[in-house]
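First comes the structure, then the notes that go with it.
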Amino acid sequence: MSVELEEALPVTTAEGMAKKVTKAGGSAALSPSKKRKNSKKKNQPGKYSQLVVETIRRLGERNGSSLAKIYTEAKKVPWFDQQNGRTYLKYSIKALVQNDTLLQVKGTGANGSFKLNRKKLEGGGERRGAPAAATAPAPTAHKAKKAAPGAAGSRRADKKPARGQKPEQRSHKKGAGAKKDKGGKAKKTAAAGGKKVKKAAKPSVPKVPKGRK
């Protein structure tokens, strides 16, 4: 029996080691995805910070909004934590002040009044939109270059008929002269024909010899 147990024990230990290795491999495979999720969460602003910015924008007070006003407006959101939400708002306000997203108008710490730093908020949007605005005029320049040869061709086409108009005028003049010449020739031929007709109009009288009377 002891021999059989000795033979069976290494098998069980080997199976246990294999299971441990597979578990360790699974945890190692899952760890990079967890790290990525954590890095994304760190890069993105917290939802309470976004809530603070939105509430201050909604209130729109010139002299800044206090923590009490921000809290009363922010707690209307359905996902707001009613127990710890106020402390989360304090931390997010401090972070936004350090970030230069918020300007502290009055007081010190989280007990003062806060206002949005519009230069930073609007400047970020302008910087993002600047490359797109810079690249936008490029296609219009290409279109203008493409349109320029067409315009030059149309100008050349306009100039060519101008040259061709002079021969037309000359041809008209020649045509008028030709008409005049033809008219003069027709008159001359008509006059000559009239003379011939007049000459032919005289009747030819047969001459009678004098000796036969």
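Glycine residues also receive a Cβ, built from the backbone N, Cα and C atoms like all the rest.
The compositional bias 'Basic residues' feature in Swiss-Prot is assigned to 33-44.
The compositional bias 'Basic and acidic residues' feature in Swiss-Prot is assigned to 119-129 (among others).
Per Swiss-Prot, the feature compositional bias 'Low complexity' maps to 130-154 (among others).
Taken from Swiss-Prot, the feature compositional bias 'Basic and acidic residues' covers 155-170 (among others).
The compositional bias 'Low complexity' annotation in Swiss-Prot covers 202-213 (among others).
The domain 'H15' annotation in Swiss-Prot covers 44-118, and the record cites sequence analysis as its basis. Across the domain 'H15' (44-118), DSSP helix (H, G, I), strand (E, B) and coil residues number 39 helix, 11 strand, 25 coil.
Residues or ranges marked as N-acetylserine by Swiss-Prot: SER2.
Within 10 Å of the C-beta atom of ARG62 (citrulline) sit 6 other C-beta atoms, taking all shown protein chains into account. According to Swiss-Prot, the feature citrulline maps to ARG62.
Residues annotated as region 'Disordered' in Swiss-Prot: 22-49 (among others).
Feature annotation from Swiss-Prot assigns region 'Disordered' to 107-213 (among others).
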